[in-house]
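Trainee: This is the structure I want to talk about, given as structure tokens.
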Amino acid sequence: MAFITTAEACDSNVPLLASGDLRVLPPIFKIYGQSRAFSGPIATLKVFEDNVLVRELLETEGEGRVLVVDGGGSMRCALVGGNLGQLAQTMGWAGILVNGCIRDVDEINGCDIGVRALGSHPTKSYKKGVGEKHVAVHIGGTLICDGEWLYADGDGILISKCELSL
């Protein structure tokens, strides 16, 4: 299937936008990684300044999914670094959205995945293993559920209840 741009998806799915089945995240995320545009079914994670569960999920087969990490918007440490970016690429993840920070930006920019994050921070996170997998998260005022679809490109990020088609 051909990739759907976010602008095209919005233009051709006005009823889904009106119903809330297609949502636009606010333009607060920076673009990282070699894949400037990516999409896939969502796997969710809710953590705060602790990336043990991020690694655990990225160690599973990605199968083209997008990991959505609600890090509570923390700007005090990074939840994803170069090693996890490489792991995501190796395991077949399409991308990672982090409501928080990343680090090792040059390494992540060398990975063939898409990454969106609020910014970068040189400090690593805690390693306590605290958090929740596959739960509904709120990012930028938007509810995101495990199994929904994410579409990202240079114009923005969309969350859809179902896979979109041309």
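Even glycines carry a Cβ here, placed using N, Cα and C.
TrEMBL: automatically predicted annotations, no manual curation.
Just lifted these from TrEMBL, have a look:
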type: BINDING; residues: Gly81, Gly82, Asn83, Leu84, Arg103; note: substrate binding site
type: BINDING; residues: Asp104; note: Mg(2+) binding site
Trainee: So which of the binding-site residues is most packed in, judged by how many other Cβ atoms lie within 10 Å of its Cβ, out of Gly81, Gly82?
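Mentor: Counting every other Cβ within 10 Å of each candidate, the maximum falls on Gly81.
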Trainee: Based on Cβ atoms within 10 Å, give me the single least packed residue among the binding-site residues Asn83, Leu84, Arg103, Asp104.
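Mentor: Selected from the binding-site residues Asn83, Leu84, Arg103, Asp104 on minimum Cβ neighbours within 10 Å: Asn83.
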Trainee: Note the Cβ centroid of Gly81, Gly82, Asn83, Leu84, Arg103, the recorded substrate site, then list each other residue of that chain whose Cβ lies within 8 Å of it, in sequence.
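Mentor: So the additional residues around the site are Ala78, Val80, Gly85, Gln86, Ile102, Asp104, Glu107, Ile108.
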Trainee: Could you measure between the residue listed as 'Mg(2+) binding site' and Gly82 (substrate binding site) for me? Cα positions, answer in whole angstrom.
Mentor: 5
